[in-house]
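Asker: Supplied in structure tokens, the structure appears directly below.
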Protein chains: 2
Amino acid sequence: MNIQVEPNIEAAASERDMANAIRALTMDAVQNANSGHPGMPMGMADVATVLFNRFIKIDPAKSDWPDRDRFVLSAGHGSMLQYAIHHLIGYPDMPIEELKRFRQLGSRTAGHPEYGHALGIETTTGPLGQGLATAVGMAIAERMMAARFGPKLVDHHTYVIAGDGCLQEGISHEAIDLAGHLNLGKLIVLWDDNRISIDGPTSLSTSMSQPARFKAAGWEVRIVDGHDTSDIAQAIEKARKSRKPSLIACRTVIGRGAPNMEGSEKIHGAPLGADEISATRANISWADESFVIPENVACAWRSIAIRGRRARSAWQARLGSSRRRKGFEAAIAGGLPRNIGRNFSAFRKRHVEEATEVATRKASEMVLGVINAATKLTVGGSADLTHSNLTVTEGLGSVAPRHFKGRYIHYGIREHGMAAAMNGMALHGGVIPYGGTFLVFSDYARGAMRLSALMEQRVIYVMTHDSIGLGEDGPTHQPVEHLAMLRATPNLNVFRPADIIETAEAWELALASEKTPSVLVLSRQGLPMLREAHTRENRSTRGAYILREAMGERDVTLIATGSEVEIAKAAADKLMTESSVRAAIVSMPCWELFEKQSEDHRRSVLGNAPRIAIEAAARLGWDRWTGDNGAFIGMSSFGASAPADDLYKHFGITADAVCSKARDLLRGAAS
Amino acid sequence: MNIQVEPNIEAAASERDMANAIRALTMDAVQNANSGHPGMPMGMADVATVLFNRFIKIDPAKSDWPDRDRFVLSAGHGSMLQYAIHHLIGYPDMPIEELKRFRQLGSRTAGHPEYGHALGIETTTGPLGQGLATAVGMAIAERMMAARFGPKLVDHHTYVIAGDGCLQEGISHEAIDLAGHLNLGKLIVLWDDNRISIDGPTSLSTSMSQPARFKAAGWEVRIVDGHDTSDIAQAIEKARKSRKPSLIACRTVIGRGAPNMEGSEKIHGAPLGADEISATRANISWADESFVIPENVACAWRSIAIRGRRARSAWQARLGSSRRRKGFEAAIAGGLPRNIGRNFSAFRKRHVEEATEVATRKASEMVLGVINAATKLTVGGSADLTHSNLTVTEGLGSVAPRHFKGRYIHYGIREHGMAAAMNGMALHGGVIPYGGTFLVFSDYARGAMRLSALMEQRVIYVMTHDSIGLGEDGPTHQPVEHLAMLRATPNLNVFRPADIIETAEAWELALASEKTPSVLVLSRQGLPMLREAHTRENRSTRGAYILREAMGERDVTLIATGSEVEIAKAAADKLMTESSVRAAIVSMPCWELFEKQSEDHRRSVLGNAPRIAIEAAARLGWDRWTGDNGAFIGMSSFGASAPADDLYKHFGITADAVCSKARDLLRGAAS
């Protein structure tokens, strides 16, 4: 078959020269920083040059253009590959000075590519496999947007460079299975098959046939010489025509060009040293000084941007004349309908008045009914627990191979892959992803959840079955430490609502939180209505509030979250009737938001009386709110398998236990 | 080929009858509990019956016999399969009453199989994929023990029943790649290929060819009708002869036998109801009442134990006459050499005297030199970061395909798989596993680390690069919330040593801790010697201690861990010289051990003066030790990419910041 692959005709320099520019900049920057990973950028320089020179559709002058191709450097330690290319192509924020400040404080050239640090970085990578799994989400979002707005507005590729590490990590399995299932033909993964890992040859730890593995997952696979530019180009060309996702196994030599170090793990993660850099310069006939690029080479790279600019102009014209323009722009902006606040308020008012008593997972489903009707942006899903997480609402429609008009994704039993895909969807834009699993399986999704927070993405995790309250499934399914784990994570809002009203409030806050992902921590078991009257104000906004003040001066303050607020209320009633002890009840659905309040406000909520916190989870962290004279009622071990009521009694999380503790504290304070 | 497969000749009942006994007990127990998962046990009843009736080598009367076959129910929600079999075969702790108490508090029949709750449960399962990955560790340990003690003492199989969920989870990829690479021929996985997941048909979310996938990983694959006993038997027989690990894809009908529900996701996780139970009894011609097993069927099952008893007797005789008996028994007992305490003490003495100043990861390597020379039980490894984690010592030798005499495992870039394999090795017995990765990648290993703690296994995690102190790799590699996450986990000791002496102390405590896994949290960067004099006592035993008392009454107490103890010390010096403030320094290498001390002891260490905690991590949890009048110096966001010293200054974790905070506190206290 005769493949037409045209190299960039404006380039005077060869692609070999262009690739050597990546090698030279990489060596120089890593040497200058005395830190970094030269092996991958030097090994994959030829592949990346061909990809960018002949195929990729980006415009550095407008790097967030919605229909651009997405490029994901999943092997993020090879960040100099991306920075070198960004400099060479002419991203305005990537002058040579930034490359000289590689890995320094405040530079755009962090050790690993960081989303938001420099234009054109589509996602943060570094933890291996994340880039690949995030790219799957981008490719899903592309198909969904194309289904909604048509191919004239949405038609782009997602390219990934992945290393051996990315393909060994478990998350890669979840990602490629999902991508193969959904026939994501516009996803193209270039695997840096250099057969070297940090410990030595990959044969130390794997005998996997990656081509066979990807074929088993429904991918097209090609194998190329990663230093033969026409071989590479033909494979990418064919992959672009495939209706399946493509793996291109690029047989490369790590550190290619360094005469004494190439092909060895020694060049993976350390500077080459002055001598080897000299030898490499000689070997690749690179005469220029450090950080200097010959004009013809620079020219060749910059001309790539011209192709991109033209493509963007053409797209802009199509958008301008499209009747779908408004809808498309609104989707990309990611805003919510103006009246959604009213819908939330009406929902809350109705349910306070009806005193609706449901599990908060059920409440979440009811709120989602309102949300999913009000906006087309939300895309739901679950890691195969749809009818437990209650994440689907009527008429959403399922996403399926060749059917991307639906808004509900069956992610399969793949919590990590789901979280990473949601990151990719949020980064892609045009959709607001939420996805469900059991709270305990945040363990499986942690790696990607951390990136939601680090990248400041509006990803919403619906995590049900949130404590021993789930009952018989036992300790493997009962979260204990997970609230602490999530609360300790920077830039992550953890909501544990106590009733349907707080659940609606949490959803409203999560949707409005454009730079902070949220975790909604929801009960399996039914919960009573706690709110006594409707307020227009979303009372969860400040993180905690006085659900019921004591009658008269407080003797004790009971602080609780989620299903334990009910226990606090029962305890407060008991304390009054049995011991005339005046207890205030504070509901604290979101620590992070409470932490942001002024100290005065926090003190006004927490009060000066002794405090008891009640939460069916680990104590870690609670001392901040209970203080030196406070107490905690919760879990100090793993859970157990039994009906929920038996477990609450067994672990001593009861109104009686709270009362007894309150009396102890008051005796202590009096004595 | 003519395969000789002899059914158990003492069995009067057919294997179909035997399998129906599993079905009947499952229906009854789930119905009685009004909770549980009947679909898998009913679907896999025929497969399990053939496996146990014809092959498995166990002795219920001596369920921890070292050379028994290991049976792992990776699809742990199908726990009734295991409980039914345990009852039928005659495990002494599994009378019918336990089945009637399925999923009740204190029963042996928890919702998912829990290690330690009942004899013969080899590992806790439930979080999907864990059983499979744990089994890989068991099979590795079997090969290692066989290499050391010979096939007469060690020669057993590891059988796994896995579901679709187990094979969709990412951890399965890490596990099967490692197993295929190491040619674990005695590992046999029976996949319940019922094509049903919780959301519906598996075709909702996967198009993976599992047979092709396992072949790509170097496994032998067979496909059988999971309700045809001779087909199943022939496949197991062939798998037992394979030098590769085997997948047997068992084509089954979920809930087989229930006429109106079989083959549907509805039977996965809910009781059948009285009507469907009646219909099923009629359908499978099962006349007996609830929880009653006909005598001929009971007899058939119990005769399996006879075969097991004979096998064990023969093995016991071989052990008795073996010259390796003593060594073997010592390995299984898992004890450490008596003199190892002296070795640790001598090591500490020498390094205090030499004032050795090294990174704690380097210190760990030096301690490992002592440990690995003193005992043959330790088995090291790393998730492809050997020369960063510094987990290998001279002469350990690598484990490789067909070479199991080594004691070091290249786990590959597979943190989760490594953690689960270590669980399996510890559960198998005869080895003490430790393995390394970066602390931040505890995110990837969380699922299995939680099980180390829940199962009370001596697994030792060596987690280096423990803070922003790792420098340029940036926020994706810098742990912030991980200490809180690990400390919140029940039954997990988290050690963050401050110098080589505390590192040796931590290792000594971790090795001695037979029922609690340990995480050693170690620095990348060099650290000074903090201990001023050698003590015979391991000062880390109580979790925290006064490293240096204030000269005179304390004005302030500085509490720190790991690399921040150095900062506390510098701050204390500065406070004295610049402001005549008397600061005590408390080093707190292990919260969990400190928490276990009496309140009096804790108070004597922490003192009554205002306290400042210093740790380059999240604050969450520290308020417990600093109290209402204390302060915390640490991280309140993600890290950044820069040299470590720049980062400590940037994030304000410096002696100056501590001094300034101390002066603030003292002014506050005075005013």
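Keep in mind that glycine also has a Cβ here, set from the backbone N, Cα and C atoms.
Pulled these from TrEMBL:
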{"type": "ACT_SITE", "residues": "B:GLU415", "note": "active site, proton donor"}
{"type": "BINDING", "residues": "B:HIS37, B:HIS268, B:ARG361, B:SER388, B:HIS465, B:ASP473, B:HIS477, B:ARG524", "note": "substrate binding site"}
{"type": "BINDING", "residues": "B:HIS77, B:GLY126, B:PRO127, B:LEU128, B:GLY165, B:ASN194, B:HIS268, B:PHE441", "note": "thiamine diphosphate binding site"}
{"type": "BINDING", "residues": "B:ASP164, B:ASN194, B:ILE196", "note": "Mg(2+) binding site"}
{"type": "DOMAIN", "residues": "B:358-529", "note": "domain 'Transketolase-like pyrimidine-binding'"}
{"type": "SITE", "residues": "B:HIS37", "note": "site 'Important for catalytic activity'"}
{"type": "SITE", "residues": "B:HIS268", "note": "site 'Important for catalytic activity'"}
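Give me the local environment of each listed feature.
Answerer: Cβ neighbours within 10 Å of B:GLU415 (active site, proton donor), excluding its own Cβ and spanning all shown chains: 34. DSSP gives B:GLU415 (active site, proton donor) a helix state.
For B:ASP473 (substrate binding site), applying a Cβ distance below 8 Å and a minimum sequence separation of six or more within one chain yields B:HIS465, B:SER641.
Sequence-distant contacts of B:GLY126 (thiamine diphosphate binding site), defined by Cβ-Cβ distance under 8 angstroms and a gap of at least six in the same chain, are B:GLY76, B:HIS77, B:GLY111, B:HIS112, B:PRO113.
Counting only residues at least six positions away in the same chain, the Cβ atoms of B:GLY39, B:ASP164, B:THR202, B:ILE254, B:GLY263, B:SER264, B:GLU265, B:HIS268 sit under 8 Å from the Cβ of B:ILE196 (Mg(2+) binding site).
Sequence-distant contacts of B:HIS37 (substrate binding site), defined as residues of its own chain at least six apart whose C-beta falls under 8 angstroms from its C-beta, comprise B:VAL30, B:HIS77, B:GLY78, B:SER79, B:MET80, B:HIS268, B:GLY269.
B:HIS268 (substrate binding site) carries neither a helix nor a strand DSSP state and counts as coil.
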Asker: Three states by DSSP: which one describes B:ILE196 (Mg(2+) binding site)?
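Answerer: Looking at the DSSP assignment, B:ILE196 (Mg(2+) binding site) belongs to a strand.
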Asker: Calculate the distance in Å between the alpha carbons (Cα) of B:HIS477 (substrate binding site) and B:PHE441 (thiamine diphosphate binding site), and round it to a whole number.
Answerer: 8
Asker: Report, in sequence order, every one of the binding-site residues (B:GLY126, B:LEU128, B:ARG361, B:HIS477) having a CB within less than 8 angstroms of a CB belonging to chain A; if no such residue exists, report 'none'.
Answerer: B:GLY126, B:LEU128, B:HIS477
Asker: Among the binding-site residues listed here (B:PRO127, B:GLY165), identify the one with the smallest other-Cβ count within 10 Å.
Answerer: B:GLY165
Asker: Roughly how many Å separate the Cα of B:SER388 (substrate binding site) from that of B:LEU128 (thiamine diphosphate binding site), to the nearest whole number?
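Answerer: That separation, Cα to Cα, works out to 31 Å.
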Asker: Using C-alpha positions only, work out which of the recorded positions B:ARG361, B:GLU415, B:ARG524 is nearest to B:ASN194 (thiamine diphosphate binding site).
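Answerer: Spatially nearest to B:ASN194 (thiamine diphosphate binding site) by Cα position is B:GLU415.
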Asker: For B:LEU128 (thiamine diphosphate binding site), which residues of its chain lie six or more apart in sequence with Cβ-Cβ distance below 8 Å?
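Answerer: For B:LEU128 (thiamine diphosphate binding site), the qualifying residues are B:SER74, B:ALA75, B:GLY163, B:GLY165, B:CYS166, B:GLN168, B:GLU169.
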Asker: Compute the centroid of the Cβ atoms of B:ASP164, B:ASN194, B:ILE196, then list the same-chain residues not in that set whose Cβ lies within 8 Å of it, in sequence order, for the Mg(2+) site.
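Answerer: Nearby residues not in the site list: B:GLY43, B:GLY163, B:ASP192, B:ASP193, B:ARG195, B:SER197, B:THR202, B:THR252, B:ILE254.
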Asker: Around B:HIS268 (substrate binding site), how many other C-beta atoms are within 10 angstroms of its C-beta?
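Answerer: There are 21 such Cβ atoms around B:HIS268 (substrate binding site).
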Asker: If we check Cα distances from B:ARG361 (substrate binding site), which of the recorded positions B:PRO127, B:GLU415, B:PHE441 wins as closest?
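Answerer: Its closest listed neighbour, by Cα, is B:PHE441.
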Asker: Translate the DSSP assignment of B:HIS37 (substrate binding site) into the three-state scheme.
Answerer: coil
Asker: For thiamine diphosphate, with binders B:HIS77, B:GLY126, B:PRO127, B:LEU128, B:GLY165, B:ASN194, B:HIS268, B:PHE441, what's the maximum Cα separation in whole Å?
Answerer: 34
